[in-house]
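According to Swiss-Prot, the feature motif 'HGGXW' maps to 33-37. What Swiss-Prot lists as active site, nucleophile is Ser112, and the listing cites sequence analysis. Under the heading active site, Swiss-Prot lists Asp207, His239.
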Amino acid sequence: MNDPTDTLYHQTAIHKLAEIGKNCKHLGIIFIHGGAWVDPLNTSNDFKGIAGEISKVIENNNTQGFNISMFGIEYRLSPSVKHPIHITDVITNTYKLINEYKIDILYIVGHSVGATLGLQLATDNRDYLIKYSSQLHLIRSTIQGLFLLDGIYSLQELLKEYPTYDSFISKAFTNYELEFQDPKEYLDKEQQFIKNLSFYIIHSFQDELLTLRQTDYLVELLKAKEISFNLSISDYGRHNDVYINDRVAKLIIFNILSNIN
């Protein structure tokens, strides 16, 4: 039987933005889509618009010394699969991308549940990920920054605010209380890969599906853990407008360029 992640990997949308020279470092931006772990309407193509906006910025700015590419990553959805398949698919496909495209520096952009998966990819250290240790070591030594757009970070807090959201959580998890680890349990500034990680948290005032409660939760957690972060709260549109907003695109790429130039 073929590895199902092979198929998912070949569905990955690739946006090659700049190519400076063979000896340049390769900087990759990987987008992880949302959709509450269940929605087939959200795909790796969600970020095509923002890729175009980022491309415009790159064309007008100095990226000498870097090849820059963008990738939209895919993962299997519930109810066909349950946790931890979503995150292990993301790990597998990210690892393949890094190896196949020789990515030296990586930034992750996650929207909604994609932000959840991005945070897990970069920081989660639960026992169920032990067999992915070698892949995670490479991934985490390559990631320099996380852009978390209107994300979900605590299922317990989410269900307190939106009890009806159990309709999709129950499809994604057999028992979320046992299976979903709150980031307060694993975010630790003393871990080397977190020391070197830049956090960019973005949220829209106009988000009709998530209030600021999730963002506030993560912000307060990072403060308590003394982990530095950047926060942008503005009118970036409704929930599914955020990942196509041109101001968000500029925020992402200008922050990346400021780190490499």
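Cβ atoms are placed via backbone N, Cα and C, with glycine included.
Context for these features, please: burial, neighbours, distances.
Residues of the same chain lying 6 or more positions beyond the ends of the motif 'HGGXW' (33-37) and with a Cβ under 8 Å from any Cβ of it are 43-44, 46-47, 72, 74, 77-78, 83, 86, 110-115, 165, 168, 171-172, 243.
The number of other Cβ atoms within 10 Å of the Cβ belonging to Ser112 (active site, nucleophile), over all protein chains shown, comes to 29.
The Cβ of Asp207 (active site) lies under 8 Å from the Cβ of Asp150, Arg238, His239, Val242, each of which sits 6+ residues away along the same chain. DSSP classifies Asp207 (active site) as coil under the three-state reduction.
Counting Cβ atoms from all protein chains shown, His239 (active site) has 18 others lying within 10 Å of its own Cβ. In this structure, His239 (active site) is part of a helix by DSSP.
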So, by DSSP, how many helix, strand and coil residues make up the motif 'HGGXW' (33-37)?
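Helix, strand and coil residues of the motif 'HGGXW' (33-37) number 0 helix, 0 strand, 5 coil.
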